[in-house]
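Copied from Swiss-Prot, the annotated features are:
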BINDING   Ala24, Ala25, Ala26, Gly27, Ser28, Gly29, Lys30, Thr31  ATP binding site
DOMAIN    3-461  domain 'UvrD-like helicase ATP-binding'
DOMAIN    473-769  domain 'UvrD-like helicase C-terminal'
Amino acid sequence: MSVQWTDEQQRAIDARGGHILVSAAAGSGKTAVLVERLTQRVINQEDPLTADRILVATFTNAAAKEMKTRVIEAIEAKIKVAPDDLYLKKQRQMMNRAQITTIHSFCLSILRENYYRIGLDPAFRIAEEAELLLLQDDVLEEVFESFYASADPAFYELIDSYTSDRDDQAMLTLISNLYRFSRSLPDPEAFYDHLIAQYDQPIDPDESSLLTRLFELEWERVGPVINRYMELSYRLRQSGYDEMADLLVQDVTPVRRINPEQDRWTTVALAFQAVEFGRWKGIRGDEEMKKFQTERTRLVSDLKKMRDLFVEKDGVDYLEDLRSQLGHVEMIVTLVRSFSAAYLEAKQQRGIVDFSDLEHFALAILEENGEPTDVARLLQERFIEVLVDEYQDTNEVQERILRLVSKSDEATGNLFMVGDVKQSIYKFRHAEPGLFLNKFKRFQQTEVGTRIDLTKNFRSRLEVLDGTNHIFRQVMDEAVGEIDYDEAAYLRLGNLGYVDSTQVDPELLLVDQTDTNKEELEAQVIATRIIEMVNDENPYLVFDAKQKRFRKCEYRDIVILVRSRGKRVQALVDVFEQYELPVYADTTGGYFQATEIQIMMSLLKTIDNPLQDIPFASVLRSPIFGLTDRDLGRIRAKSKDGSFYEAAILVAKEQTPLGLRVDEALNQLHHWRTEARGKSLASLIRSLFDQTGYFEYVGCLNGGRSRQANLNALYERAHQYEASGYRGLYRFLRLIHRLVERGEDFSEARSLGEDEDVVRIMTIHQSKGLEFPVTIVSQLGKQFNKQDQIQAIQLHKTYGIALDAIDPVKRLRSGTLLKEVIRREMDREMKAEEMRVLYVAMTRAKEKLILVGAIKGLEDQLIKWQDQPLDELLLPEMDRRNAKTYADWVVPAVLRNFLLSEDGPRWSFRIIALDEIAPYQELTKMVEQLEHVRVLEKIDHAGDETLNIQIEAAFAYQYPYQVATDTAAKQTVTELKRTEQLERAAFESTHRQSTYYRTPQFLGPTLTGAERGTVLHLAMQLYESGRSFEEQILDWEQAERISSLEAQTMREAIPELTTFLASDTGQLFEQRLLAGEVYRELPFTYKIDSARFRSDWHGPSDQAVMQGIVDCLIRDGDTYILLDYKSDQVFETTDNQNQAEVLRTRYATQLNLYQEALEAILHIRISRKLIYAFALHEVIEIY
């Protein structure tokens, strides 16, 4: 069945003559239209055009391949209908030569054919990123060394002004960043000249283009404030507060006289200097007046900040400060030019180019002195049509190249551009949406070009489209989003195949952040909503277009979109695992954070230099050597001042189990250091895998294949590093450090495939071009990233480089005029980009759109968000400009949904209470995460080791709550139990002394009673059902999970251990262990009133945080049994029954507290509390 194209789509397919811009909204079938246009051009025999005379430029190899494949398939389908058509067969063959390619590949083809024109070695290759990073570092260091050697005063003054006392890394980074930034522009040399010119402004405020621009940018903020002032004044007058209304008018009268079209800086500054704020005369008890006063206070604060810009510093001072930094900028330009030339020479010597070179070398071949070369003119003749996909993502260099190979006259040209400026989200790659916007506005006048708008969306339900339109028509316009979201931009329903449903309204879910971890709380809200959608009782129904019916929502239908990677994605993954929800985190990155990579990197760092404490200790603690935290503490205790390596050497000299193990580790490290000097890096890494057995070890862990893939990737990266001509472990480690420093990463291998029934997590950027039945947009409460705006040195393509003004005598720095301009420009551009990112995220949804945010101080924020005027469609410009999060745009727009129109777009809005968040699906997963439990109510000083308030004798009174000063805010259960026992002991006046003495250490290694108890606990923790203790102890010892001394202690205690297993409780333990219903060594944190464990507490109600570790929890039907192991002796009596009673009394408090904490945290019921006393070989029940 043939495709039924809309009128706009057909126009885009058929349009000829002149440059054509197709503005294709999300889901409008852009790719299908482009493929159809291509297909029609090559199969049309009335207007013959061979496939090799079309250039199609894309941004990814995948897009180019898909487009070429689809055109070929379309031609082959025509051939099946007309098998004897020679023209079609010829076109099919010509498709192999068609230039459907990425811009970089097209540039590469120009270089391969014309390398001799620019003196390029024909054997050049495209270098790996790692090789380029190392080369850049080497060249930069050489350039800086040469300047240090030259003793140039200007260079030394620059270094002294803008680097720290420790090193010059800040300036090295600046030169590197400035170089990369300049390469996104067609003429880097002209840009360097522009940098200098910006600091050479005339000292005349009214003639300075920078001061004029600063005023324009500030007026964008002042204008809306004045409007809010006048609107508030009007409401005051309507309410009968004429005097206060006049006061507001008086506040802004001087600035209302400013004519932003004509007035210059001096006039504007005088107007702001005349601003004075009169005294507000409130009326006691008048609540309406209080609200007006609060609004006015906020407006006064905003206007004062704006006034300060014009009053605190004179225009002449701004310009003189700028001029004072001219010498510094000239030196920076000298440095970057020196680096650029040296780096180019170094690449030529190695016969390599980078992707930036591909574009600039192609540009040099195509253009000379601003005019097209013979090569460019030949290409203009060759290509009858030049099509550009995703035009909104081009940069200025790429735009220049495309213009040079196409016909230049816009009215008669042959450039066909497709894209959507509302989806331009690659500014970090120097994409320039202004190129699209410029044509978007000009091409409305058809004589200079043709603009075709594709507004029908064939992806989404009407509810999704209406919900998206409802938000963006209120927040996006040219002032804030760089484009008006008007009728022409509205998403319109194109897919009429959806069947009506009552479940499809878009949702906004907000939760109050309180003091809970924001990422984890938000993840729990999302997990709870997904559980609701996929449950069997009342599932969300997805419409199956192929079967024309609804079906139950599956995990694979759902995507969660995040703004950025890192801990936020990990929080989602962790919570989903706790809820036992299948999840696939489709993220590039996390490789260097993977445990197995961190351990191997620590090992390589230690081999390179064992004096690095953290890597060395990490390796000792890792499974490679298997030392414990206690072992590391003993090593550090040997030498508190020296390095950890030096302390280890001292321990290795001791004839103790620890000394022997440390000695063995040091010998092994020495062997590997020797090996490193004689082997290639890749061979060394492979040898480490083999010798340590670590490769096989990680293969046995969860996700073993992925972990092994990560290790193999490290080996391959080392191999590539050496293939680039570099050698040495130190340089490899420096390369990895640079990659991490720049935020670059490798892809972490994943064991779960994309096609499986899992919830997907991906960044919004990764989702671009994709679609999903259910789209959950998270992180609405995440603050926008303003790092670029707070850097000490800032870069901007129009305004250059912003430096602080430095007073060399006073050693003071202050902001400059350029910094004020660039910071404001960057903020405008960032807000527009973030608005486009949000648009991309929301338009991924086919059937269900859910927005989620954890908001700090939600109640106060809601009061602010709902206080919006209803007389205009757009939200106030000032509020939109001041937005710090997506929620600042989305929530006010959604709230107005309930006020503007009864029949408007349907948004479901819910505030999620903490008790609505679903409990974890299985106790197992909850238990594994108990260490992450957070008390939701804030407890001051809960993290202190002790909370002792020292009362000096000088105070003349007795502090009434002295007991509180002796009580730690964080108590272990053992400490609580000990407190009770001490009080009871004091009451009974009982004094006992053990007749058992510890064997002196010089008589041989032995364990204290407490250490022996720890070993027995460890045995019960490691025990696996179905095998004897003898076998398992041998395995643990051979695997170095326990020391030989610990193994000996366990063997001696086998009778005590097996007696427990033979008991009724032990048999239940074995049964439940096989069923996976025994939970061991469970850490927890719980809040408790201090008075509960201090009988002499007479202070105010106060709380402490209790910490403990539960030895064992056994599921028994619908309840649980709490089991604790005790190895201590009872000396008060020799009668077993009496001894049991002593232990029961001794530990009743502890187990009662355990029960209370676990029942509160896990929402379970504990039916029995038991002690197994190893010394008595007896199970004792606590009542």
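FYI, residue positions are counted from 1 along the chain as it appears here.
Using N, Cα and C of the backbone, Cβ positions are placed for all residues, glycine too.
Quick caveat, the model's predicted, so the values are computed rather than measured.
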Subject >> Distant-in-sequence Cβ neighbours of Lys30 (ATP binding site), under 8 Å, six or more positions away >> reply: Val22, Ala24, Asp389, Val418, Gly419, Asp420, Leu454
Original post:
In sequence order, which same-chain residues at least six apart have a C-beta under 8 angstroms from Thr31 (ATP binding site)?
Top reply: Glu66, Met67, Asp389
Subject >> Cβ within 8 Å of the mean position of the Cβ atoms of Ala24, Ala25, Ala26, Gly27, Ser28, Gly29, Lys30, Thr31: remaining residues of the chain near ATP >> reply: Val33, Asp420, Leu454, Asn457, Phe458, Arg459
Original post:
So for Ser28 (ATP binding site), how many other CB atoms are inside 10 Å of its CB?
Top reply: 26
**OP:** Mind giving me a neighbour count for Ala25 (ATP binding site)? Other Cβ atoms within 10 Å of its Cβ, every protein chain shown.
**Re:** 24
Original post:
Here are some binding-site residues: Ala24, Ala26. Which one has the most Cβ atoms within 10 Å of its Cβ?
Top reply: Ala24
**OP:** Kindly assign Ala24 (ATP binding site) to one of the three DSSP-derived states: helix, strand or coil.
**Re:** strand
Subject >> Assigned element (helix, strand, coil) containing Lys30 (ATP binding site), judged by DSSP >> reply: helix
Subject >> Confidence summary (mean pLDDT) of the domain 'UvrD-like helicase C-terminal' (473-769) >> reply: 86
Subject >> Under 8 Å by Cβ from Gly27 (ATP binding site), same chain, sequence gap 6 or more >> reply: Asn457, Phe458, Arg459, Ser460, Leu491, Gly494, Glu771, Thr843
Original post:
Taking the Cβ of Gly29 (ATP binding site) as reference, which residues of that chain separated by at least 6 in sequence fall under 8 Å from it?
Top reply: Gln9, Leu454, Phe458, Gly494
